[in-house]
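I have a structure here, written as structure tokens, and I will follow up with some questions on it.
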Amino acid sequence: MKAGNRMQYIKVDDLAFHYEDEPVLENICFEVNAGDFAILTGENGAAKSTLLRNILGLLKPTKGSVTLSKKNTEGDKLVVGYIPQQVASFNAGFPSTVLELVSSGRYPRGKWFKKLDKEDKEHVKKSLESVGMWAMRHKKIGELSGGQKQRISIARVFAMDPDLFILDEPTTGMDVDSREEFYKLLQHASEYHDKGILMVTHDHEEIRHYANKHIELIRKEGSPWRCFSMDSCKERSKHPSSFH
Amino acid sequence: MFLYGFMQRAFQASILISLIAPMLGLFLILRRQSLMADTLSHVSLAGVSLGLLLGYDPTWVNILVVVIVAGILEYLRKVYRTYSEISIAILMSGGMATALVLMGLNDSGATVSIQQFLFGSIVTISVQQVWMLLILTVVIIVLYSIFRKPMYTLTFDEETAYTAGLPIQFMSVMFNILTGVTIALIMPIVGALLVSAILILPAAISIRLSKSFNGVIFIGIGVALIGMIMGLMGSYYLGTPPGATITLIYIAIFSLIAVFK
């Protein structure tokens, strides 16, 4: 693990979020830095996805603030790769081949108005291979199974090669071996390539060896229904492995 | 039949519309805005009536009205996010009602009948209209080739497009405005009742025939050319209304593919 002043990618400061008048998230603070592999857990209905959407700017916090770094460790514009929760978001009727969709991951890398070059195509190939979907590249995305759709969503973000990964339960439906592989890949990305990772997940037991930060959303005693808070909020420990 | 000037212009217009329709139609379908085309064509009836009542060039007044409403539609799409048909229902009937009232107020001359705009008159198209269509076609092709990638990303999923740094709100509004201008120009030619069929059906057919995004556009242009030209010739020989004939041909192609695929 690289020591010292790692760059701060996400800073959540005393965030609260209400749907209408109902408090859903309250006093939440944490940070995710370059090189962090952070997992976000909490029981069902703990508004984990809502928290991610606040961080991404898709929702506005009712109170407090979220700061996303503008730059990456190299001083270039920070590129964020977001994988939403699968079932809800995958546009299955969309007329596109697997290759077209995964290639579109390269567009935010300065390729909105430029042709993809050799390096882009290499990235796309590698990322399709890493999820075992290279052979399926000419298939129409609507014909894929649920698990395959999930894999190409992951490949699309891998192709993007973002500085910060924000992943909402990306391993749902994967078998144990694939999950292990996936975690290893993410761990490698954070450790060796200084990527920041924030991942919502349920299987925090098996991920223990890979992640180095654990953020858990819990409900405070005696507080109203659906009010959750971060237990580590007060402590603010800089300790990387603060598992509970 | 090609010896008649009006038929030549009708064919030129048909070819231009065939080039435009699949590009706009595909995005309209994927953005779940198929009915927006219908709404805007009803609104554009009101635009034309307003122009005639005020004594200005109906084409320009119409473009202005439709562009404003296209902007309002984007706003309503936000407000009624889960029931987006509401905005369509309101504006569609509102547009039609406004058109009828404005035409009722207009007693200056009996020359304009609502019938002409409802059902279109591809065979009475003017040279000026062909020119305007040509300019519009060039603009749309240029915009499509420049913004193909951002539009692909936006239509696949707005939220990931936003996180990838695209100005999604701005793009949505610009797309609606472009759709509005197109409809304002095409409506007098094919008729308010059939504008959306002519924009949507070629893409709806080609989505089923192609695996890739670009393929849908190219096949869509082919489908549109077949439908428009066969429809125009059919209407010439059978004496049927052109817009309706074209639409029926599209629906026939659609059914054939539905049966065999």
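Please read every residue number as a count from 1 along the shown chain.
For all residues, glycine too, the Cβ spot is worked out from N, Cα and C.
Heads up, TrEMBL stuff is auto-annotated, nobody curated it.
Owing to the predicted nature of the structure, the values given are computational and were not obtained by experimental measurement.
From TrEMBL, here are the annotated features:
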- B:6-28: transmembrane segment (TRANSMEM)
- B:60-76: transmembrane segment (TRANSMEM)
- B:88-105: transmembrane segment (TRANSMEM)
- B:117-147: transmembrane segment (TRANSMEM)
- B:159-177: transmembrane segment (TRANSMEM)
- B:183-204: transmembrane segment (TRANSMEM)
- B:216-237: transmembrane segment (TRANSMEM)
- B:243-260: transmembrane segment (TRANSMEM)
With pairs closer than 6 in sequence left out, are the transmembrane segment (B:117-147) and the transmembrane segment (B:6-28) joined by 3 or more CB pairs under 8 Å?
yes
Sort out for me which stretch, of B:60-76, B:117-147, B:159-177, B:216-237, has the most Cβ pairs below 8 angstroms to the transmembrane segment (B:88-105).
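When the Cβ pairs under 8 Å are tallied, B:60-76 comes out ahead.
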Give the one range among B:60-76, B:159-177, B:183-204, B:216-237 whose Cβ atoms make the most pairs under 8 Å with those of the transmembrane segment (B:117-147).
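By Cβ pairs under 8 Å, B:183-204 leads among B:60-76, B:159-177, B:183-204, B:216-237.
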Can you work out which residues elsewhere in the same chain, 6+ from the ends of the transmembrane segment (B:159-177), have a Cβ less than 8 Å from its Cβ atoms?
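Contacts of the transmembrane segment (B:159-177) (Cβ under 8 Å, skipping residues fewer than 6 from its ends): 27, 31, 36, 67, 70-71, 73-74, 147, 150-151, 153.
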